[in-house]
């Protein structure tokens, strides 16, 4: 009996030892996973901070550029002359022809001829039309001929024949009532 109890205690001790080893292994595994997750979180935080700094510097650059553009676009007003000269100028204007010179100070050559560099609406439409044509041709090339439905086939035949729903309805409206009814029924 004592030997059985001793064997039972030894078995329980061995089981407990195995359980402790398993728990220690699981603890080590979870600790490693936690460390990896913390490292990944730290990297993501560093990356987010870096992107925030980049965004702030880009915003600062944008504001500087806006300020430079604004200062380039503003025209410096001419300083006002003395009161005595203005009275003299008024008398000259009343008795003689006036002339004025336009100054190009503060205005670059690009600003003077900006209308030549702009893209007209017709050019934009032409460019968009070309893009649409290329995309349509690419789509036609990519279309799978084996997966066409009956409606697709019918539509292709109508397009080849030059028919569309608007043209058909226009033709129906052109005839008298009897022709309209006959045409509509034949559809």
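Each residue, glycine too, has its Cβ placed from N, Cα and C.
In TrEMBL, annotation is done automatically, which means it is predicted and not curated.
Sequence annotations record features per position, and here TrEMBL assigns compositional bias 'Basic and acidic residues' to 41-53 (among others).
According to TrEMBL, the feature compositional bias 'Basic and acidic residues' maps to 61-70 (among others). Secondary structure counts, DSSP: the compositional bias 'Basic and acidic residues' (61-70) has 10 helix, 0 strand, 0 coil.
Per TrEMBL, compositional bias 'Basic and acidic residues' is recorded for 112-129 (among others).
What TrEMBL records for 2-62 is domain 'Ezrin/radixin/moesin alpha-helical'.
Taken from TrEMBL, the feature domain 'Ezrin/radixin/moesin C-terminal' covers 113-187.
Within its own chain, the region 'Disordered' (1-20) is flanked in space by no residue lying at least six positions past its ends with a Cβ under 8 Å from the stretch. The region 'Disordered' annotation in TrEMBL covers 1-20 (among others).
Per TrEMBL, region 'Disordered' is recorded for 41-131 (among others).
Using a Cβ-Cβ cut-off under 8 Å and counting only residues 6 or more beyond its ends in the same chain, the compositional bias 'Basic and acidic residues' (41-53) has no close neighbours at all.
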